[in-house]
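Visitor: Before I ask anything, let me first share the structure, which is written out below as structure tokens.
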Amino acid sequence: MSVWDWLRFGGGILALVTTAILLLRLHGVALRWLPFTAVLRAAVQLAAISVLLSGANQWPWLVLGFIALMLSTASWTGASRAEGLPGGRRNAVISVVAGGMSSLLLTLLVGLISPTPQHVVAIAGSVIGNAMNIVTLTSRRIRADLDAHRGEVEGWLALGATPSQSTAWLRRLSVRESLLPNLDQTRNTGLVTLPGAFIGALFGGASPVEAAMFQLTMLSAILVSAAVTGTLFSTLSGRSPVLPAPQES
């Protein structure tokens, strides 16, 4: 790419992000410069990962390092979102690692992808990132429902119910709600959305059928990751005998 191409690309990205920031500020959404810093961070990280992956074929062990980096970052982010729950940080790390790795290993085990660096990294990035999002959504919903139904939960505890029994219904609801975005995306793929894996496979030279097969593999792996992560985080959260302190309004 020429210098002009890079300048045009950077200017276009800046215009899109600036539009988003202005609209959010006009609506009074207090995110300040977070959208800009998020995109800037993504650009730096993608540049670093591009360099890393360029040597993956020569040094396959780089893929393991890349997966470890993704797990560490996703676990850290998920833990920071779940810290309001007793044991939330620990539960988040366990759930993200278990959800991401179990989905990746199962996808390899059933032979849906070959153990090449490109396939492994593509699936790993999607399932680990999804596990992080599921922890965020599930933990926020559990925390909100515990605040809203604190009296009911305390009543069950007073009657002799275990912590797991007293919060079972709201934890099940939190898992259900956290899975809905993934289910909606899966259900509407091809009609409303054309996911990146499908488009990327087409641009990479795959036939439409091969691209569709890879996208279905990706969506199915994401669902496994979401199910494992959500149910495990919910189960671990239900073991705490201590309720979180009420959130300040």
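Each Cβ is built from the backbone N, Cα and C atoms, and glycine gets one as well.
Here the structure is a predicted model, which means the values were calculated and not measured.
For reference, TrEMBL lists these features for the protein:
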- 6-26: transmembrane segment (TRANSMEM)
- 59-79: transmembrane segment (TRANSMEM)
- 91-113: transmembrane segment (TRANSMEM)
- 119-137: transmembrane segment (TRANSMEM)
- 189-206: transmembrane segment (TRANSMEM)
- 212-233: transmembrane segment (TRANSMEM)
Visitor: Sort out for me which stretch, of 6-26, 91-113, 119-137, has the most Cβ pairs below 8 angstroms to the transmembrane segment (212-233).
Guide: 91-113
Visitor: For the transmembrane segment (59-79), what are the same-chain contacts with Cβ under 8 Å, counting residues 6+ beyond its ends?
Guide: 49, 52-53, 88-90, 92-93, 95-97, 100-101, 104, 117, 120-121, 124-125, 128-129, 131-132, 135-136, 139
